[in-house]
Structures are given as C-alpha cells and as structure tokens.
Amino acid sequence: IQHVTENRNISFLSAGFFGDAQNRTSDNLTTPTASSANSTFVRPAAFFINGFSNIPHAKYYYVFLCLVYAVTVFGNSFIMSTIYLARRLHTAKYVAVFHLALSDLGGSSVLIPKLIDMFLFDHQYISYEACLTNMFFVFHFMNLQSFTLLILAYDRLIAICCPLKYHAIITKSSISCILSAAWICSFILFAALVGLVNRLSFCRSIVVNSYFCDHGPVISLSCNDNSINYRLAYILFGLLICAPVALITSSYLCIAAALLKLAHGADRKKAMKTCTSHLALVAIFYLPILSVNVKSIATSIDPNVRIINNSLTQIIPPMLNPIIYTLKTEEVMQSIKELYKRNKVATLVSKNAKRENVMRNT
C-alpha cells in the first residue's frame, strides 16, 4: 500500500489503444528495477486504478455515470424489445440495429458498474487476471459497435445505390453471417492484444493512471520491451477504427452521388432522411475516439482531460443510440405506436373479461 501511495502521481497517460508519445517504448528507462528486468520477470497480483488526480468532488462524476447507465439500460432494452415484438421490424436492417443495441448494452455493462464500484466504494485494486478480462471485454464491445455501424452504412449504400437488388443482397441470413464473423474476428484480435500483455514484466509500478484497465497505460508500466504490444495496438487502431471510418465515408460519397442523380427533390429528401440517424451515430462514436488517439500520437494530454474524454466517448454513444433511432426513424416510431395500441386493446379486453366473470359469479 505504501508503494502504491508513493507512485499515485506517476505520469503515464491513457490513450485508448496506446499511450503518449514519450512513453511508447522502454528504451529510456532509468530506474534500477528496469535494469534488472532481464533477469527477473514480475507479474503483479493486482493493479491499482488511479482515476482522477487532484479533482475535488470527483465522485459526483461517477454519480452522473450511474444516471447515464440507467438511461442506457432502459433505452437499449426498450429498442431491443420493440424490434423483437414488432413484426414490421423483423428485417435485415433491424437485425443490425438490434445488435448495435446489444453491443451498446454489453459495453456499458462491462465498464460503468465496475467504475462505480471502484471509485464510489473505494475498490480500486483489481487482480491481474480481472484486469486483463476487463480490458478485453471493454475493447471487444467497442469494436462490435464499430463493426455494426459499418454494416449499417453498407445497408444504406445498397438500399440507395442498388434498390432493385436490396432484398436479394441484404437478407437476415447474410447480416447474421456478417455479424457472426465480426464476433469471431473481434474475439481473435483482442485475445491476441490482451494475450501479449502476459509477456511483459511489471517491475516499475502497479498504478494504472486511467479509469479502467486501459491497454496503453497498463503496458506503459512494463520494464521490458513492449514494442510488439504498441505495434499491434497501432495495427488494430488502423484496422478497426480508421478503416471503418474510411469505408463509411466512401459509402456516403457513393450515396451522395446516387442522390444527385435523382430527378425529384422529394425522393432525394426521403432517401437522405433514412441516413440522418446513422450519420449522427457515426459522428458521435468516431469523432471523439479519433481526436484523442490522433492527438496522443503527437503530444501528451492532461490525464484528467483524457479520462473525461475517453469515458464520455464510451458511455454517451450507447445512451444516445436508442434515442436517436427512436426519434429519427419513422418505422420505429410507428411500431411503438402500434405496440402501444395493441397493448391498450389487450388491457381493455382483459378488464372486460374480468368484469364478465365477476358478474357471472354474482
């Protein structure tokens, strides 16, 4: 405990997949423990998640996270239930929307309850194995959200550019196969990313200067060569974040070109309306991730600013996604109204049946 307290202000920063520029390799280590890393392999029993540094009333932020999580659980459960119950939403597109809500719910559930437990109830120690498990599932569900947004962009591309072939190309079975491949691919890639952490020796410190077991801050604590870990992190960042953004941008350029060819402005406006909700989700999800990770490549960011930015990036999109799809999508709103009317009719029928039974008995 004394060792942890002395090192709580160590300046390793959180940057999602990777840390700050000055902490990317172990070439400049000067501590005595680092020089003996070649002969001694150290694996700590636990890490200490530091969280915010020198911010008064920081616990109010975690109370805010409680409220966000409650809205996230209700909103995503509601949209999943609506898709499941409404027959008109049993289409390929809404298989992907259902999966987005599921991955949003999973990502928030592996992150926010643990944050609340650590920082509101002072359980900031996390075992080594639990730390790696937490790291895997946080990044796994974030990646599934990214894949799903890419699939929804593909759906809009085919719907607008190849409308006559849409129902032949975009089927429930094809979308289900793509989503299954996304799960398998994500599992393998992040299992490799997290598995490589086991080759590192942590003889420097056990204080993780982040709000969860973030990959960059954890591997920056190692005192042997961590260049392979950083290289894989760069590859995955390019493959799983930058590549989907490039593909989504390309798909919307094609969509824009197709819309310009439409003769009637009403048709163009109707087609554009089907894309607005997806574009909003893409902007909310990708822009903060890209900004903080690109910024961290060139320079350092204040740890507290980074924690706020990264945490909001991970918790706000899952909360807003169901709200945007509910308010911006006419099909969903119509399905909600139909379900409400159906439930109201069923309630009236049930009440009338009970009254008849009471009258018969009397």
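Every residue gets a Cβ built from N, Cα and C, even glycine.
Look at TrEMBL and you will find 75-325 tagged as domain 'G-protein coupled receptors family 1 profile'.
Here the transmembrane segment (60-85) has long-range neighbours at 52, 94, 97-98, 101-102, 104-105, 108-109, 112-113, 115-116, 119-120, 308, 311, 315-316, 318-319, 321-323, 325-326, 332, 335-336, 339, meaning same-chain residues at least 6 beyond its ends whose C-beta is under 8 angstroms from one of its own. Marked as transmembrane segment by TrEMBL: 60-85 (among others).
Per TrEMBL, the feature transmembrane segment maps to 136-154 (among others). A Cβ distance under 8 Å defines the sequence-distant neighbours of the transmembrane segment (136-154), meaning residues of its chain 6+ beyond its ends; these are 17, 93, 96-97, 99-100, 103-104, 106-107, 110-111, 175, 178-179, 182-183, 186-187, 189-191, 193-194, 212-213, 215, 240-241, 244, 247-248, 251-252, 278, 281-282, 285-286, 314, 317-318.
Feature annotation from TrEMBL assigns transmembrane segment to 175-197 (among others). For the transmembrane segment (175-197), the list of distant contacts is 92-93, 95-96, 99, 132, 135-136, 139-140, 143-144, 147-148, 151, 155, 215, 218-219, 228-229, 232-233, 236, 239-240: same-chain residues at least six beyond its ends, Cβ to Cβ under 8 Å.
TrEMBL lists 234-263 (among others) with the feature transmembrane segment. Within the chain, the transmembrane segment (234-263) has long-range Cβ neighbours (under 8 A, six or more residues past its boundaries) at 16-18, 143, 146-147, 149-150, 153-154, 156-157, 160-161, 186, 189-190, 193, 271-272, 275, 279, 282, 286, 289-290, 293.
Note on the transmembrane segment (275-294): residues 15-18, 100, 145-146, 149, 152-153, 156, 160, 237, 241-242, 244-245, 248, 252, 255, 301, 306, 309-310, 312-313, 316-317, 320-321, 324-325, 328-329 of its chain, located 6 or more positions outside it, place their CB under 8 angstroms from a CB of the stretch. Sequence annotations record features per position, and here TrEMBL assigns transmembrane segment to 275-294 (among others).
Across the domain 'G-protein coupled receptors family 1 profile' (75-325), the prediction's mean pLDDT works out to 89.
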